Amino acid sequence: MTPAWATEKPTALLVLADGTVIEGRGLGATGSAVAEVCFNTALTGYQEILTDPSYAGQIVTFTFPHIGNIGTNGEDIEDLNPAARAGAVGAVFKADVTNPSNYRAAGHLDQWLKKRGIVALSGIDTRALTALIREKGMPNAVIAHAPDGVFDLDDLKQRAAAWSGLIGLDLAKEVTSGQSSVWRETPWVWNEGFGEQAEPSLHVVAIDYGVKRNILRLLAGLGAKVTVVPANTGSEEILAMQPDGIFLSNGPGDPEATGDYAVPVIQDLLKTDIPVFGICLGHQMLALALGGRTAKMHQGHHGANHPVKDHTTGKVEIVSMNHGFAVDADSLPEGVEETHVSLFDGSNCGIALTGRPVFSVQHHPEASPGPQDSHYLFRRFVNLIREKRGEEQLAERV
């Protein structure tokens, strides 16, 4: 019999690149994954977070202690192709996952993680891990789950130390759509679920660097036929589709690596008068195309409670964020205006091209999960299109 004071044998490990070993209880997929560790401060929306393609190459530490209480369902998914498993490769929880209790629950988080191939662990001090990230930055690590508790610790340490990290890594090519498609699903409505678009009134081409479903839903809900194209689609092919607007999506990895093929395309598109709107990685792509620079952040911004100031209105919005790279505002050339800034650290959160229908934001106005303070940006984009077509403007805020 095991003595009451004996330490429980761990069935999961988080091994950091500096050799630190954190022991926990495993759940989700068995095996291991090497990635960068970040933390997310959102209280809700764990399915949307873990399926957001922007988290590719990352292990998400949830600062809220109770994750999984409402189970999982087939609707709260953000990646376009769940079979491709675009999104986080690992997850770290404080409390053990309990049986779900929610009218929408269709399954247990543990089983859902297994199906998604996400390696997870629970039962650790997530506050201490978050403090470590805040102090030292986002570490490279290996997360491993073995139900029998048998690990090759030397191998795990070697893999964690050897991984080069996200700098220079183009992950958009790993999570983008394989072929063009048309999106017609509209936002979720209480007691009705998601809708189906009827007759679209305008055409938006969305370049998919790892786009989230809710972005596409909001565009469709405003009357846009949304054609989603792979990240490496050329400008001639895009322009041949005769879009009324161009959307540059969110996505994972180093923007400068993705920019090798994405920036020339965006620069060609900017030679036209077609309105352009970018979010997250798309924001960074636009900044690079305009001559700016990006840089890796110390701890990144991941959560649903970030204050951002809109310089154009003077208002403060609470927004969702998910990025580990940021645009260097000092690198922006003349004619590019900084429109939004983070009130946490002063980093750039938005730009606009003076006198042109071109703008982007670093944060996620579609939320999912998170507040809807910035939903008006989708209406602003559609209004730029409608203005160009001589059509009546939508109310920007409803």
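Backbone N, Cα and C define each Cβ position, glycine as well.
A quick note: this is a predicted structure, and the numbers were derived from the prediction, not measured.
Of the residues S32, S54, Swiss-Prot places S54 in the same L-glutamine site as G251, G253, L281, Q284, N322, G324, F325. The maximum pairwise C-alpha distance among S54, G251, G253, L281, Q284, N322, G324, F325, the residues recorded as binding L-glutamine, is 13 Å. Counting in whole angstrom, E366 (active site) lies 11 from C280 (active site, nucleophile) by their C-alpha atoms. The binding-site residues examined here are S54, Q284, N322; by Cβ neighbour count within 10 Å, the least packed of them is N322. The Cβ of C280 (active site, nucleophile) lies under 8 Å from the Cβ of S54, S249, N250, G251, N322, H323, Q362, H363, H364, each of these being in the same chain and 6 or more residues away along the sequence.
Less than 8 angstroms from the CB of F325 (L-glutamine binding site) sit D254, P255, Q284, T294, A295, K296, M297, each of them six or more residues away in the same chain.
Across all of the region 'CPSase' (1-199), the predicted model scores a mean pLDDT of 94. Comparing the binding-site residues G251, G253, G324 by how many other C-beta atoms lie within 10 angstroms of each C-beta, the top residue is G251.
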